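Report on the structure given below.
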Amino acid sequence: MAQHLLHGTLHATIYEVDDLHTGGLRSGFFGKILANVEETIGVGKGETQLYATIDLQRARVGRTRKIKDEAKNPKWYESFHIYCAHLASDIIFTVKDDNPIGATLIGRAYVPVDQVIHGEEVDQWVEILDNDRNPIHGGSKIHVKLQYFGVEADRNWNQGIKSAKFPGVPYTFFSQRQGCKVSLYQDAHIPDNFVPRIPLAGGKNYEPQRCWEDIFDAISNAQHMIYITGWSVYTEIALVRDSRRPKPGGDVTVGELLKKKASEGVRVLLLVWDDRTSVDVLKKDGLMATHDEETENFFRGSDVHCILCPRNPDDGGSIVQNLQVSAMFTHHQKIVVVDSEMPSRGGSQMRRIVSFVGGIDLCDGRYDTPFHSLFRTLDTVHHDDFHQPNFTGAAITKGGPREPWHDIHSRLEGPIAWDVLYNFEQRWSKQGGKDILVKLRELSDIIITPSPVMFQEDHDVWNVQLFRSIDGGAAAGFPESPEAAAEAGLVSGKDNIIDRSIQDAYIHAIRRAKDFIYIENQYFLGSSFAWAADGITPEDINALHLIPKELSLKIVSKIEKGEKFRVYVVVPMWPEGLPESASVQAILDWQRRTMQMMYKDIVQALRAQGLEEDPRNYLTFFCLGNREVKKEGEYEPAERPDADSSYMKAQEARRFMIYVHTKMMIVDDEYIIIGSANINQRSMDGARDSEIAMGGYQPHHLSHRQPARGQIHGFRMSLWYEHLGMLDETFLDPSSVECIEKVNRISDKYWDLYSSESLEHDLPGHLLRYPVDVDGEGDVTEFPGFEFFPDTKARILGTKSDYLPPILTT
C-alpha cells in the first residue's frame, strides 16, 4: 500500500476491545487461583495486564495504561495528541499482554492512512489481526477514533510569533508566563571588552552577562534558600576567577560557600545525580566522572543537605525497562534557585525568587571564556581545573591541550522563576527524603508571590515558558489517571506519566519558523524511523524524537514554495571521551545517519524543483576548534605525553576541538530555547534522562514586520562573533544565501587552517566546517583527505557498534 507523509498532529482515542479471547488460561475460578499463586510467589505471569499501542509504520507514538484482569473486554478510553512527521501506509494499533519481561502479542489492527490524510474523523471498530494478517480467534475488534490535522492547517505554521498575545506551546505542564526578565549567558565567563558594539532596537547596544559571577552573587546574597540540581556538582571549583574583576570572598570554593551559607541559617538543598551505573564501557571512556561520592562526603556532617539521587524508573516499566532506566539514564537538569533582594526597592526587606537554567553544571572543566585557550591559561585559571577526558592519561603535569568548554545558560526572574522552584520541589519530594523544603507560605510576609518583574509595556520584558523531560519516577505530584495527565499537559504511557514538553517546544518552534534556525547542541541524532536501513534495522534503534525530521521537512516546504530558509547547526567534533572508543564511534554513526536522512530530503526537494543547488546552502553543520602558536612565558609541563599518542600529536600541532556542550536553538532572532536537553532520544524521550529548559521571546522584538533586534538577536550576533572572530553585515540576515555562503566559506577556510601541517598564527576564529561531504544523492561521505579527525585514529563518520545496545548511545 502506498505511503503518505503524515506531517502535523494526529488526535487518536483508543476506547476498548470487544470479546477478546487470550487463550482462556486466566478465565474462570481456577484461572484466578493460578494467577493469584503466580503473583504471590513472584513467578509466572499473574493476572492479565492488557495495553494497546499506536504505531506509524515503524515508530511507536502512543501507549495506553495497563488494564488488569479484564481479559475479555478491556476498556481504556484514552486520548492521544501525537505530533507526527512520518511516512506511513497504516496507523497500527497493537494489543499486548504485559509480562515481567517482555509482552505477549494479542494482535494488530490497521487503519489505512489514506482514510485520515484529508482530515476526516474516523470512528470505527477495526478488526484485530495476527502476524499473518488473519483475524484472531473470536474475531475481536478494537474501537478507535482518529483525526489528522496537517501542518498547513496550523495557524502558526510558517508565521513566527505574530503578536505579543502568542500563548506559548499548548498541551504542556507549565503555562507561558508574562512580565519576566531573562539574562542570556555565553560560556561561564566573559572578560571585559570582549564583545564589539552590537546595535539593538531603540538605540541600545548588546551587553553580555557573566554567568558564574551572577551565580556567585545569587548564592552569596541568599537569605532563606539555595536549591541546586546537577548532573555533577564539584565542591572544589571556584566561580570567580577573573583577576581583573575580583569580588569580596570570591576566592572561596563552591563547597565552602554553600557550607558557609548553610551555617548562616540558609536552607541549602542539593540533588546530585547518583552515578550507580555498572556499564563499564562508559566509565572507561571517561564519560561519567561526576564526583558524586566526593560531593556527598564533603557535605556529610554539615548543614548542607546533599542527596545523591539515582535515575529511578516510574512504576509502569517491565523488569528490563526498569533496569535500563536505573543503569543507563541520568538526572541531567542544571538549575540553581535562590531567594534574592528586590530590585530598586531602596531598603526593602522583601525577597523574590530567582532561578538559573541551562547547560552548565557547577563542576570542573566548565569554566571558560569565549577565547577558549588551549595552552595559555594552564598556569592560571585552569592550572587546578585541567579537563581533558579525550586522551588516556592526560594531566596538567603533561601539559595541554586542555579541552575548552563552550556552553550557554540563562537567569530567569519573575513568575517563570517560581516554575523552576516548583520543579525542584517536585523532585525533592520524590527523592529528597526528609521534608525540609522551605515553607514559602510561612514566609509570605517576606517572599513575594509570583508576580511580574516588568510591565508588559516595558520594551525589555519577556514572555517565558518552562519545559521538561521527566516522569513520575523523578517528580512527585503527577496525576495518576490518563485523563488527568492529559489535562495537565502530560503524556501517559504504560502506567507511567511523562512530561515531554521540551520536544514539543522544539517541534512548535521549528514549525513556526519563517526564515532561519540556529542550533548549538552537544548531540544531533534522531528521527531514526526515517533512516535508511544501511546495515541496521531502523525500528530497533528507537531514537524516535522528531526534531531532525521536522527541520528537514521545514526546509523542504520552503524549497517547494520558492522561499528562502536556512538551518545552521553547531556540534562538537565528537562526543566527549576517547574518540576511537566504541561508544563515541557509535554516536558518530547515528549522527551521520541523521545528517544523511535530512540531506536526502533536501536533495530530493531541490531535484523536484529542477534546482542544482548545494544542499549546504540550506542545511549546514559546523564544529568548533582552536589552534594557538606557542608564546614566550607559557606554562611548561614537567612531563611529556607518550610518544606517537594522540595526546602528543595534538600537543605538537597546538590544536584541539572546543567542546560544544550547548543546548540551544534560536528561531528568526525572536525565540530562544536554552536548557539541559540534547538533541538525542535520551534527552527528548521524557522517560530517560531528566531535563529542563526555558523557551522565551520579547513581545516588543518580534520579526513579524521587520527583523527582530532584541536581546536574542544580540545574543546570536555575540555568539557568531565568538565563533567567527568577526562581525559582518551579512550576518544580520541569516536567511539570505549571501549569509550562509559566507559563513560556509569562512568555516571551510578555518578548517583548512586548523588541519594544516604548519601554523604561523593563532586561528582567527573557531567555527570549522564539520568535516564531511554531501554527494549529489544526499549521501554523507568522507571529506576528501579526512577519514580520521586530526591527530587521532577516530573515524569521522563513526562506526556501527555490534555490541553496545542503541538505547545506550541514542
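Easy rule for this one: first residue shown is 1, then count along the chain.
In case you wondered, yes, glycine gets a Cβ from its N, Cα and C as well.
Summarising the annotation, Swiss-Prot assigns domain 'C2' to 1-126 and lists sequence analysis as the type of evidence.
What Swiss-Prot records for Asp187, His372, His406, Glu722 is Ca(2+) binding site, and it gives similarity to another entry as the kind of evidence. Glu722 (Ca(2+) binding site) falls within a helix when secondary structure is assigned with DSSP. Around Glu722 (Ca(2+) binding site), taking its Cβ as the centre, 24 other Cβ atoms fall within 10 Å, counting all chains.
Counted with DSSP, the domain 'PLD phosphodiesterase 1' (327-366) comes out as 2 helix, 17 strand, 21 coil. What Swiss-Prot records for 327-366 is domain 'PLD phosphodiesterase 1'.
Of all Cβ atoms in the shown protein chains, 26 besides its own fall within 10 Å of the Cβ of His332 (1,2-diacyl-sn-glycero-3-phosphate binding site). The 1,2-diacyl-sn-glycero-3-phosphate binding site annotation in Swiss-Prot covers His332, Gln522, His661 and rests on similarity to another entry.
Feature annotation from Swiss-Prot assigns active site to His332 (among others); the stated evidence is sequence analysis.
Swiss-Prot lists Lys334 (among others) with the feature active site, giving sequence analysis as the kind of evidence. Long-range Cβ proximity for Lys334 (active site), meaning a same-chain Cβ under 8 A and a gap of 6 or more residues, is found for Thr229, Gly230, Trp231, Val357, Gly358, Gly359, Ile360, Asp361, Leu362, His409, Ser676, Ile692.
For Asp339 (among others), the entry in Swiss-Prot reads active site, with the evidence type sequence analysis.
Swiss-Prot lists 656-683 with the feature domain 'PLD phosphodiesterase 2', giving sequence analysis as the kind of evidence. Within the domain 'PLD phosphodiesterase 2' (656-683), the DSSP-based counts of helix, strand and coil residues read 3 helix, 15 strand, 10 coil.
Sequence-distant neighbours of His661 (1,2-diacyl-sn-glycero-3-phosphate binding site): residues of the same chain at least 6 apart with a C-beta under 8 Å from its C-beta are Gly359, Ile360, Trp405, His406, Asp407, Gln522, Pro572. Annotated active site per Swiss-Prot: His661 (among others), in sequence order, evidence recorded as sequence analysis.
As annotated by Swiss-Prot, active site applies to Lys663 (among others). For Lys663 (active site), the same-chain residues that are 6 or more apart in sequence and have a Cβ closer than 8 Å to its Cβ are Gly358, Gly359, Ile408, Glu520, Asn521, Gln522, Ile674, Gly675, Ser676, Ala677, Asn678, Ile679, Ser683, Ala693.
The annotation active site is assigned in Swiss-Prot to Asp668 (among others) on the grounds of sequence analysis. There are 25 other Cβ atoms within 10 Å of the Cβ belonging to Asp668 (active site).
Nearest neighbour of His372 (Ca(2+) binding site) by Cα distance, taken over the recorded positions His332, Asp339, Asp668: His332. Long-range contacts of the domain 'PLD phosphodiesterase 2' (656-683) within its own chain (CB-CB distance under 8 A, at least 6 residues past either end) are made by residues 160-161, 184, 231, 329-330, 332-334, 357-360, 372, 374, 400-410, 467, 469, 502, 505-506, 509-510, 512-526, 542-545, 547-548, 570-574, 576, 623-626, 650, 689, 691-698, 701-703, 707-710, 712-713, 715-716, 734, 766, 789, 810. For the recorded site, His406 (Ca(2+) binding site), the DSSP three-state label reads strand. The maximum pairwise C-alpha distance among His332, Gln522, His661, the residues recorded as binding 1,2-diacyl-sn-glycero-3-phosphate, is 13 Å. In this structure, of the recorded positions Asp187, Asp339, the smallest number of CB atoms within 10 A of the CB marks Asp339.
Note: the Ca(2+) site is recorded as Asp187, His372, His406, Glu722; in the same chain, Gln186, Asp368, Thr369, Pro370, Phe371, Pro404, Trp405, Asp407, Leu624, Ile658, His723, His766 also have Cβ atoms within 8 Å of that site's Cβ centroid. Here the domain 'C2' (1-126) has a mean pLDDT of 84 out of 100.
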